[in-house]
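Peer 1: After the structure tokens below, expect a handful of questions from me.
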Amino acid sequence: MRKPDGKIVLLGDMNVGKTSLLQRYMERRFPDTVSTVGGAFYLKQWRSFNISIWDTAGREQFHGLGSLYCRGAAAIILTYDVNHPQSLFELEDRFLGLTETANNDCLFAIVGNKVDLTSERDTEGGEKEGPASGKVGSCVSTKVPKQVQPEDAVALYKKILKYKMLDEREMPAAEQMCFETSAKTGYNVDLLFETLFDLVVPMIMRQRAEESDQTVDIASCKTPKQTRSGCCA
């Protein structure tokens, strides 16, 4: 198996839909019931690069494994449920600390899933026009008002950049990195992953260039062979 060129990791509390998001994108289906034990991953070829996407368990007993899966990650998808504010708070309280093992220039996406269960948006049409934005659809009486607003995710994103001591001017804008999705309908799922792929690829190329510059030509550094001079009798 070819070694991945980059890594993306999904983090978040249990039941926010991390596995469903990944399976919706990779397998084009919505699983009825699924629970990740420990971790699982897919390989996605994007352009000429191989990117691994890691799904992690949100259960407390598997919490410590998160930092292991985040090691060397180029991007982290922090996932919450738009209908449960506590799942957004948990990202900062429980999961942000697990990202210490990620790359120093790691990207962060804040993703509010299960937007199909709210009364504020029509998500039946699949992909829409952009992250953290969308046209207001007709209200459905069986749905509930959204409990977490896009501006809450934007605030968390900016807080993460400060926590990581990353220059906000050098990182993608919050509006580009905060998404609302529905794994059930596919709303914004392709947009989420492919936005990250397009951002991660230049990072991979830059890392390869830096590694190439640091490569030393051992042959050119060999000490010239000395010849022993002899004495004439």
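A Cβ is built for glycine as well, from the same backbone N, Cα and C atoms used for every other residue.
Swiss-Prot feature annotations, pasted as is:
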{"type": "BINDING", "residues": "Gly17, Lys18, Thr19, Asp32, Thr36, Gly58, Asn113, Lys114, Asp116, Ala183, Lys184", "note": "GTP binding site"}
{"type": "BINDING", "residues": "Thr19, Thr36, Asp55", "note": "Mg(2+) binding site"}
{"type": "COMPBIAS", "residues": "119-130", "note": "compositional bias 'Basic and acidic residues'"}
{"type": "LIPID", "residues": "Cys231", "note": "S-geranylgeranyl cysteine"}
{"type": "LIPID", "residues": "Cys232", "note": "S-geranylgeranyl cysteine"}
{"type": "REGION", "residues": "119-138", "note": "region 'Disordered'"}
{"type": "MOTIF", "residues": "28-41", "note": "motif 'Switch 1'"}
{"type": "MOTIF", "residues": "55-72", "note": "motif 'Switch 2'"}
Peer 1: For Asp116 (GTP binding site), what is the secondary structure by DSSP, using just helix, strand and coil?
Peer 2: helix
Peer 1: DSSP secondary structure for Asp55 (Mg(2+) binding site), reduced to helix/strand/coil, please.
Peer 2: strand
Peer 1: If you count other CB atoms within 10 A of each CB, which of Thr19, Asn113 wins among these binding-site residues?
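Peer 2: Answer by Cβ density within 10 Å: Asn113.
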Peer 1: CB neighbours of Asp116 (GTP binding site) within 10 A?
Peer 2: 19
Peer 1: Could you please provide the mean pLDDT value for the motif 'Switch 2' (55-72)?
Peer 2: 79
Peer 1: Should any of the binding-site residues Thr19, Asn113, Asp116, Lys184 have a Cα within 10 Å of the Cα of Asp55 (Mg(2+) binding site), which are they?
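Peer 2: The binding-site residues close to Asp55 (Mg(2+) binding site) (Cα within 10 Å), listed in sequence order, are Thr19.
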Peer 1: List the same-chain residues at least 6 positions away in sequence whose Cβ sits under 8 Å from the Cβ of Gly17 (GTP binding site), in sequence order, or say none.
Peer 2: Thr79, Asp81, Asn113, Lys114, Ala183
Peer 1: Look up Lys184 (GTP binding site) in the DSSP assignment and report helix, strand or coil.
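Peer 2: Its secondary structure by DSSP: coil.
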